[in-house]
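Straight from TrEMBL, the features:
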| type | residues | note |
| --- | --- | --- |
| TRANSMEM | 36-56 | transmembrane segment |
| TRANSMEM | 76-95 | transmembrane segment |
| TRANSMEM | 102-121 | transmembrane segment |
| TRANSMEM | 141-159 | transmembrane segment |
| TRANSMEM | 166-189 | transmembrane segment |
| TRANSMEM | 216-236 | transmembrane segment |
| TRANSMEM | 266-285 | transmembrane segment |
| TRANSMEM | 305-322 | transmembrane segment |
| TRANSMEM | 334-352 | transmembrane segment |
| TRANSMEM | 364-391 | transmembrane segment |
| TRANSMEM | 403-424 | transmembrane segment |
| TRANSMEM | 430-449 | transmembrane segment |
Amino acid sequence: MGAGSSTDAEREPLLVPSHIEAHSQPVNSRVYGRRWLVLTLFSLLGLMQGMVWNFWGPIQNSAVHAFGFTKSDIAVLVLWGPVGFVPWLLFMWLMDKRGLRASLLLSAFFMLLGATLRSIPLTDQQLRRWLIHGGQFLNGLGGPTIMSAGPYLSTTWFAPDQRATATAVASLFSYLGGAASFLVGPLVVPPPNDTLAGTTMVAAFSTSDIRDRIQMVLYAELAAIATLFAAVLLYFPSRPPLPPSVAAASQRLSYRSSICRLLSNVRFLMIALAYAVPTGVIAGWSGVLDMVLTPAKVSQVDAGWIGFWSTVGGCVFGIAMARFADSIRGMLKLILVLMLAGASLASTWFTLTCLSRVTHLPSTAAILYTSCILVGIFINSSVPIFFELFIETVYPVPEGITCGVVTFLGNLVTGLLLFFLTFYCTELSWLNWCLTGSCLFSLVLILFFRESYDRLYLDVFVSV
């Protein structure tokens, strides 16, 4: 099915179990219409988790004036997202033992509690800042399940020819939430007066006006999260009565065996690094995109639009490529090579454009828009393709555990990047070089990777 395959010893227990012949008792399978409701609830929670995580970066100038944050504080507010992945093993264990409903309810509860803390309108600004930090951390605790469980949900509820598409929707909606914050924040929250110098706008907004607008968005996000939490509490089954495919019904490895299998699989570690490094870097980079583009004389609103279109483009293109992967199976590596090659070229273009004083390359708003948006499109759209390749490579390791490991690694990279940013936040050209280097590093790893499709083999050749 691919350029390489796993050994016969690894595949034999899956296709020919010792206690029963594979074709003697076909699996009763069925696809339920309610799967779309389950996918919608999960995706909307991902949308809100991404919006809350990326709320402060796009309005960092306004947040500094309204609450007395420093540039380092803004980086830390974004950093709480990766920090929330520290207890990822607990969430993966809960998903493996109790199912997706239990893990998602716990994540939604943390998100609701965090949104509540952020929205308390205290007059003591020092205490208010602490509550905002606490709320961002609690929202980050929702990340391990929401960013990892997309492939688990798609395998549990969707037929093989819809899995990649469902994975793309479930995993990319959190990115779409980050994109929405680029749009909502700068449009609703006015920039401070000193950033409007030289424009036709005059000083029309006081610090209290900015604070009131921020408070309005915080209340709106709290209401949305509370509604989604209630909906998940009322109806979100862990799995359908009958599985949709052979792979969904097959026996999986235990929690401990899965971790050992993943850490000892060199091919998995290769693609895990290929995924974690560029996606982790671009997550940190996009979280402070306003700071990155400020030296290029890009306003807070324009930076928000660039971040919005780069992420939305990645989501739309990612879903389209996932649909293509569903229709033409066994080509995941080729798709990733093309995406990462495009990301490497686009990020190099953007980085050199930002150094126009040295490179003498033209630096216009159109060029910055185009190069930055292309970077987001190529990297963000690769996420669901990576997830599907992970599952195929290490099957029968459970999907939630596999994707939990790689999303933890991605957030570890993001956390390290933002940690250094708190110390080196005055000149950010090094951040652009990190983005370019991460894309090239990932491309090299994928080129040397041997793909295999064990789960697809099971669904295609085993009678259902």
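Cβ coordinates come from backbone N, Cα and C, glycine included.
By the Cβ criterion (distance under 8 Å, sequence gap of 6 or more), the transmembrane segment (305-322) is counted as touching the transmembrane segment (166-189), at least 3 such pairs being found. When Cβ-Cβ distances under 8 Å to the transmembrane segment (102-121) are tallied for each of 36-56, 216-236, 334-352, 403-424, the top count falls to 216-236.
For the transmembrane segment (364-391), same-chain residues at least 6 beyond its ends with a Cβ under 8 Å from one of its own Cβ atoms are 150-151, 155, 163-164, 167-168, 171-172, 175, 268, 271-272, 274-275, 278-279, 282, 286, 289, 293, 296, 298, 302, 305-307, 309-311, 313-315, 317-319, 321-322, 325, 332-333, 335-336, 339-340, 342-343, 346-347, 349-350, 353-354, 399, 402-403, 406, 435, 439, 451, 455. With pairs at least 6 apart in sequence, the transmembrane segment (430-449) and the transmembrane segment (334-352) have 3 or more Cβ pairs within the 8 Å limit; the two touch. Long-range Cβ contacts of the transmembrane segment (403-424) within its own chain (Cβ-Cβ under 8 Å, at least 6 residues beyond either end) map to 72, 75-76, 78-79, 81-85, 88-89, 91-92, 95, 143-144, 147-152, 259, 262, 272-273, 275-277, 279-281, 283-285, 287-288, 386-387, 390-391, 430-431, 434. The transmembrane segment (166-189) shares more Cβ pairs under 8 Å with 36-56 than with any other stretch in the list 36-56, 266-285, 430-449. When each of 36-56, 76-95, 216-236, 266-285, 430-449 is checked for Cβ pairs under 8 Å to the transmembrane segment (141-159), 76-95 comes out on top. Through the fold, the transmembrane segment (216-236) approaches residues 37-38, 41-42, 44-45, 48, 51-52, 55, 100-101, 104-105, 108-109, 111-112, 115-116, 118-119, 184-185, 188-189 of its own chain, all at least 6 residues removed from its boundaries and within a Cβ separation under 8 Å. It is 76-95 that, among the stretches 76-95, 266-285, 430-449, forms the most Cβ pairs under 8 Å with the transmembrane segment (36-56). Away from its own ends, the transmembrane segment (430-449) comes close to residues 267, 270-271, 273-275, 277-278, 280-282, 284-285, 288, 292, 333, 336-337, 340-341, 343-344, 347-348, 350-351, 354, 375, 379, 417, 421, 424 of its chain (Cβ-Cβ under 8 Å, at least six residues beyond either end).
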